[in-house]
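Annotation source TrEMBL lists compositional bias 'Polar residues' at 138-147. TrEMBL lists 130-149 with the feature region 'Disordered'. According to TrEMBL, the feature transmembrane segment maps to 48-76, 96-120, 179-201, 213-240, 252-271.
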Amino acid sequence: TECEKEPGSLLWVFVMVGNIVRGMGETPIMPLGVSYLEDFAKAENSPFYLGCLQTATVVGPFLGLLLASFCAQLFVDLGSVDADDITITATDARWVGAWWLGILICASLNLLAGIPFCFLPKSLVREGETNEPEETSKNSLVTSQENDTNEDKQTMYEIAKGKLYYFIPCLKALFRNPVYMLFICITVLQFSAFIGMISFMPKYLEQQFGKSASAAIFLIGVYNLPVICVGYFFGGLLMKKFKINIYQAAKIGFWVSLLEYLLYFAAYWTVCDTSPVAGLTVSYK
């Protein structure tokens, strides 16, 4: 009984708080970044810029998977345990990679990447247009200051009440918007097809083909993300070339995503023999 000890580690709190902070930093990228492009880019150039933005959002996970593959080859107690004393290999079920190393590297890179955003101006001149006259800018400045003063006079209760009053009509308008609903369907189809593969395919490669965790992660990144990156880039390029409007783009995206989802059903025919597991598929004897 003297050797028994209750597990009381609080390291999970750091992981939870870290994910909360990461979510707070990642959430504004898509809504604010897309709005920033739409506000200050030409209408014919906006799809191409958005394609470049989506391409960048795929290049990042691709590099992240390569980093995860590298970290998984290192033992979890990196720096505190001599590598010569480790008797197991990366293909052993008891092996745990240095998962924490990737978090530290990504956090440092995100911090450095966020510094240039502090120097972005609040407003830009729309692409292809000249600067506004000085009088117009002064009038807009006075109007904005008056609006800020009026908002300061309102109480928080009045502001919240006004927002809530318009929430239901705005929600109804969104559900009646065909482009918005098509985009929701596209997102559901894409995540339903892609997330399952990202979540379970590495473990499938480990169990059925004897791959290590680092090799499985590397294969997932190499075989999937570059193709998605090319699709995002050429999608924005084709929209710019053929001047496809938003509604046409939403319909094309929906049917392509539905075809992608149906193609993923081919995985049901990719079946290997179940590995023998004592007590599950074979008896202990």
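Note that Cβ sites are derived from N, Cα and C of the backbone, with glycine treated the same way.
Unlike curated entries, TrEMBL annotations are predicted automatically.
The structure displayed is predicted, hence computed values, not measured ones.
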Contact ranking winner - 48-76, 96-120, 213-240, 252-271 against the transmembrane segment (179-201), Cβ under 8 Å: 252-271
Same-chain residues at least 6 beyond the ends of the transmembrane segment (252-271) with CB under 8 Å of its CB atoms are 182-183, 185-186, 189-190, 192-193, 196-197, 244
